[in-house]
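Participant: Got a structure for you, written out below as structure tokens; questions coming shortly.
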Amino acid sequence: MIGVYNIVKWEPHVYQALSPYYMYKFLKKTQRGGWMSLGGILLCVTGSEAMFADLGHFNQLSIQIAFTCMVYPSLILAYMGQAAYLSKHHILEGDYRVGFYVSVPEVIRWPVLAIAILAAVVGSQAVITGTFSMIKQCTSLGCFPRVKIVHTSAQVHGQIYIPEINWILMILCLAVTIGFRDTKHLGNASGLAVITVMLVTTCLMSLVIVLCWHKSIFLAIGFIVFFGTIEALYFSAALIKFREGAWVPIVLAFVFMMVMCIWHYGTIKKYEFDLQNKVSINWLLGLSPNLGIVRVRGIGLIHTELDSGIPAIFSHFVTNLPAFHQVFADSSSSES
């Protein structure tokens with residue numbers, strides 16, 4: 001509503017900004033300066049990707065309807081309203097720097113500030129839940145250290161909570177906020193992170209087109225060339241801000257990549273060791289009379305990644321503590 005108010009009051013013809021011609025005209029006129037400004041323009045879409053982080057809680061159709069009918073029109077009207085206001089007040093440098101709040105009528109400025117804070121809380125919550133979902137998937141694939149996963153809903157399987165990750169996110173947020181102390185560096189870091197995700201998603205989407213959808217490879221090439229070229233332009237502009245805060249997401253990505261690679265490497269080596277040194281359940285049961293193994297009451301569970309056989313660690317357990325339950329089973333086999 002504020003965007004519509006500013007459009008009507010200050011510049012009704014601002015809707016012409018929807019035409020790509022003006023973007024071409026802007027880049028042609030400003031050249032290098034315009035290209036470098038693309039890194040800041042990324043902040044216009046920062047946060048919209050949080051909607052897709054909720055795919056574990058809402059279905060695809062609901063997100064498509066919400067984005068098409070509510071989010072996208074609201075964003076366009078809000079930014080067009082700010083542009084309309086700034087077109088009449090661009091001489092005031094201070095107003096330009098805080099264009100969002102100065103474009104809001106003074107009567108409702110404080111309520112809008114409160115709503116903006118609440119919106120930031122909702123957006124951050126979507127990012128947090130999305131992080132939980134990704135960590136859960138990485139853990140299932142053996143690419144991330146095992147963490148405690150708490151299911152917070154008996155009906156919705158995707159609603160989870162991971163205490164360790166929640167604490168890590170809090171510490172990182174506080175560290176970045178205290179370290180930067182301004183929105184400029186935070187914006188540069190966020191912009192590079194967002195455009196990197198977009199570029200990686202485009203590359204992976206081209207693989208999905210060929211390998212999963214079984215479409216023509218030329219369609220995949222056309223997809224990655226069209227969208228990849230646009231995103232590469234923004235990505236190169238964001239990299240210019242490397243020393244001005246954009247280095248943070250790169251360092252964090254490198255740290256988490258090392259953790260995931262080391263854990264995955266160790267998981268593979270452990271699986272290979274268990275595969276080469278596994279023992280059959282019949283052989284283990286045959287040792288009971290010879291070793292004087294005592295069968296205690298109850299059911300014992302053995303977790304293993306093997307499709308068949310008993311991991312070598314269990315035979316080590318039996319020889320050092322010659323007792324096991326009357327009934328035992330492993331998590332990946334029906335033998336008991």
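Every residue gets a Cβ built from N, Cα and C, even glycine.
Annotations per TrEMBL:
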DOMAIN    1-284  domain 'K+ potassium transporter integral membrane'
TRANSMEM  33-53  transmembrane segment
TRANSMEM  65-86  transmembrane segment
TRANSMEM  107-128  transmembrane segment
TRANSMEM  160-180  transmembrane segment
TRANSMEM  192-211  transmembrane segment
TRANSMEM  217-240  transmembrane segment
TRANSMEM  247-266  transmembrane segment
Participant: Other than its close neighbours in sequence, what residues sit by the transmembrane segment (160-180), given a CB gap under 8 Å and a spacing of at least six beyond its ends?
Facilitator: 128, 131-133, 135-136, 147-152, 186, 189, 245, 248, 252
Participant: Quickly jot the same-chain residues contacting the transmembrane segment (247-266) by Cβ under 8 Å, restricted to those at least six beyond its ends, or write none.
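Facilitator: Contacts of the transmembrane segment (247-266) (Cβ under 8 Å, skipping residues fewer than 6 from its ends): 138, 142-145, 172, 176, 189-190, 192-193, 196.
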